[in-house]
Every structure is written in C-alpha cells, then in structure tokens.
C-alpha cells in the first residue's frame, strides 16, 4: 500500500497497482523456513486420520447403537453446520488474539484437546450408556446415543476449530510469498492424504483391538473395541504432531498498538497499517456482513467457483462406497443376508478405492507447483481438473450400466442373488476413485491458497476473510445433505442422479475458473505484508 492511501480499506480490496520498490537492508526478517511449514502442515495428518475413521467406521457403529436411519443424516449435518459457524468465528478471534503464546497456537492447542475429548466420548459411548442404565438386550440404546451425538458434534466443532488456525498459521509463516503459500497448502493437502491412508488402513484392520485389550467390554463388542483402538491411535498421532509443531514454531504476541504488530506472515506490518487495526472493533456478525458487502469481483468469482466445485464433490464424497455396494456390486443394505453380504463386499471395495484415491491425492499434492507452471497458472489448473472431475462423475453412469448389463445371478435356497461384477467393471470403478485423487488434491490446496493471496493483497484479516470463503464450501454441503435424497427419489432412487448433477456443477465450475477467475496478483515485498491466514 502506498503511504498516501487512506488507512481504512474494505475487507477484500485487491490492489492492482504495481508492487513497491524492494525493501532496504533494514527490512523485517524473512518468513519462516520450509521446515516450519512442514511441521504445521503435518497436523493435517492427525486431523484427517480421525476423519477417515469417521467415514469408514462410524456408520456401522451408529447402527450398532440403534440410531434410526432417518436421524443419521441429521448427525452428519454437524460437519457443514459447525464449519459454517465455527470457522468464521474462530478466524475472527484468532485475527485479534493477543495471547503471549501467539494468535493461532492457543486455538490449535485447544482444538487438539477438544478432539481428544470428543473421541473418548464416541469410543466409550456404549460403555457410558450401559453405565447410565442402557439395557444391552434392547436394539436401541438411548443413553449411549446421547453420549455419541454429544461426542460427534464436539468432534466436528473441534476439527473446525483446529483446521482453521492451522491453515491461518501456515499462511502467516509463509509471509507474502505466493510460492510459499501455494507450497504450504500443497503440503497440507499431502498430509491430509497421509492421514486418509493411515485412517482407512487402521479401519480395515479388524484385530487392532488386541493391542489394547481393555477396549473389549460387556457393552462393547469386538467391532466397537476395534473402533476404540483406532481412535486411541488417532489421539496419539494428533497430539504428538500438534505438540511437535507448536514447540518448534513460535509466534510473536500480537498487539493492535502501532509498532507492536507482532508476527504477521513472519514480518512486522507498518505503523500506518497497525494503526488501522486499532480502530474500534465491529461485532462479529457485523464484520461478516460487512465483508460480504465489500467483496470485490475476484473474491466473488472465487466463491462461485468454490461453491460449484463442492456441489460437484459432496454427493460423491457422501455416497461413493454406497455406490460401489449398491450400483456396482448389486447389493442392498436392507436386503437378505446374501444381498447384504454382497453390499458389504462392495463397500469394502469402495474403501480400497478411497485408499487409492488418497495415494494419488498425496503424490499430486507434491506436484501442484509443477502442474500449475505447466498449464500457465493455478486458475487454469483448477479449471482443467474441474473438467476432469466432471468426466469422472459422468463415467459413474457408464460403469453402472456396464455392471448392470454384465450382472450374473445364482439361486441359493430358492433365492436369486447377484454375483459380484466382472473384474473389468471393478477395475473401471477403482480407476475412477484413483483418478479423482488428482482434482481432489487441487480442491484441497489451490482455492485456499488463492483466497489467502487475494486477502493478503487487499490488506484484509484473513482469519475472517477465509472464514467467509468457508461459507462457499459448507453451504453446498448442507444443501446436498438435505436435498440429495429427495432429488434421487424423483429419478427412481440410487446415487446416479446426484452424481450427474455433480458432473454438471463441475463443468460449470471449470468454465468459470478458465474464463472468469483472475490470475493471482504479483508478489508484494515483505515490508508490506499484512495479516495472513486461511480456513
């Protein structure tokens, strides 16, 4: 910013002026090293380990406790609802936190402790329910359900409380360097893939409970004990990674006082900008509405592309294993024991697909910079992979039709049941899972990096700015969660209608990214860095 400009700027204002001259030898210190970025990004592995366990193990656990199917979707709505509320609120307060431990580290530490608490409640829900009076002979265990729901909601709130400041701290220690910002997000995406692989692997190993014998109790069978054991390892990994990161990476205490701005992107902000931060605070929701009102064209386009992108992704992320069990394998979760077994085999095949997806996601995350240079920019890369996403979602129709046309049946005890699909159909379905790891890696990194860079260029507090970006992610998730079931029913049930709608949304997202999304502004020298963070 030029010194003659007014100090008060809109939340998302982007400067199109040329960068100021290079700083003198007395300029502030350079941002943190790549090692610091890796340590903070590694926390994502601990977070995603637990999330992968939720995806692979909690649905059967819900059925074990006797939660009615019609209530299950309401429980899963916690994630997007808490993301819509918690991340902007945490971002807002972490931008202004004056703790002597820094702005982001107290929130990261508190989030990790809350995750551990929530996981203990979930894992011991059956035991606590029995302790409080549940009858083990009944199908529904209401007290255990209450404990589980409380723990599950705390877990989602804590995950959002933890992820937001982690991403914000990554942006802080990346400084104003766009390359480091993109690299930080790529590492975060990579460690998410590592956590996915660990979580799916732990969830698929059925004898993990033997390592921790006390997990098997009168109220908790072998499956429940295995879930407990997985969550114990999840807690251990998360707390270890969080402790290492917070011990190694230090923040300077932040203060709104001029000349005492603390560590913002590894540099001190100028007195003029610090003085602007000294203005009277606006209530949180007032800032949210003010930020939305002040959005400039690049951020609006970014929100639109992100919204369409998640409308495309969320149906598949919700129903991918169900699609494998139902449409590809021909099973039914409500059928007889043979059809149910076939459905479960399909679900396990879907879990293998998720493993392959995570491996591809991890390797792609490490090559985001190279891919972006190869296609001429991150906005082009995002647009191209959105079209790849559209093609893959459309291909689910072809795989389903091939599975149906090649379906073979046998008769067992007078009951006709389908056989598993041919090897070629299974390979085609698993290939879709693997290829989708490429666009998922971009979805987990580039949108957040662009928002961080746009906000840094505008002088906005990014904890709040990228909390607003998060609305473009969670609102589509809520809409898909509530509307995908009725929408599928209109077309006769199954998962394909939502997948086709996702393919259309992905194509629209790719078109907007290629034609409307602006290129990133040039790097600004470190002397002009302002608050950074993203969620």
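Each Cβ is built from the backbone N, Cα and C atoms, and glycine gets one as well.
TrEMBL does not curate its annotations; it predicts them automatically.
Look at TrEMBL and you will find 1-29 tagged as region 'Disordered'.
TrEMBL lists 17-29 with the feature compositional bias 'Pro residues'.
Here TrEMBL flags 32-53 (among others) as transmembrane segment.
The transmembrane segment feature in TrEMBL is assigned to 73-94 (among others).
Residues or ranges marked as transmembrane segment in TrEMBL: 106-132 (among others).
The transmembrane segment annotation in TrEMBL covers 144-162 (among others).
What TrEMBL records for 183-205 (among others) is transmembrane segment. Taking Cβ pairs closer than 8 Å, the transmembrane segment (183-205) reaches residues 34, 37-38, 40-53, 55-57, 166-167, 170-171, 173-174, 226, 230, 233-234, 237, 348, 351, 354-355, 357-359, 361-362, 365-366, 368-369, 437, 441, 444-446, 448-449, 452 in its own chain, all 6 or more past its ends.
The transmembrane segment feature in TrEMBL is assigned to 231-249 (among others). Long-range contacts of the transmembrane segment (231-249) within the same chain: residues 32, 35-36, 39-40, 42-43, 45-47, 49-50, 53, 105, 108-109, 112, 115-116, 119-120, 122-123, 169, 173, 198-199, 202, 208, 212, 215, each at least 6 residues beyond the stretch ends and with a Cβ under 8 Å from a Cβ of the stretch.
Annotation source TrEMBL lists transmembrane segment at 299-319 (among others). Same-chain residues lying 6+ beyond the ends of the transmembrane segment (299-319) with a Cβ under 8 Å from its Cβ atoms: 12, 14, 76, 382, 386, 389-390, 393, 396, 436, 440, 443, 447, 450-451, 454, 468-469, 471-473, 475-477, 479-481, 484, 495, 498-499, 501-503, 505-506, 508-509, 512-513, 516-518.
Per TrEMBL, transmembrane segment is recorded for 349-372 (among others).
The transmembrane segment feature in TrEMBL is assigned to 384-403 (among others). Using a Cβ-Cβ cut-off under 8 Å and counting only residues 6 or more beyond its ends in the same chain, the transmembrane segment (384-403) has close neighbours at 305, 309, 312-313, 316, 323, 327-330, 375, 421, 424-425, 428-429, 432, 435-436, 438-439, 442, 495-496, 499-500, 502-504, 506-507, 509-510, 513-514.
The transmembrane segment feature in TrEMBL is assigned to 423-451 (among others). Within the chain, the transmembrane segment (423-451) has long-range Cβ neighbours (under 8 A, six or more residues past its boundaries) at 167, 178, 181-182, 184-186, 188-189, 192-193, 299, 302, 305-306, 309-310, 313, 316, 320, 324, 328, 349-350, 352-354, 356-362, 364-365, 368, 372, 378-379, 381-382, 385-386, 388-389, 392, 395-396, 399, 402-403, 406, 462, 465-466, 469, 517, 520, 534-535.
The transmembrane segment annotation in TrEMBL covers 463-484 (among others).
The transmembrane segment feature in TrEMBL is assigned to 496-517 (among others).
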Paired segments the transmembrane segment (32-53) and the transmembrane segment (496-517) in contact, 3+ CB pairs under 8 A: no
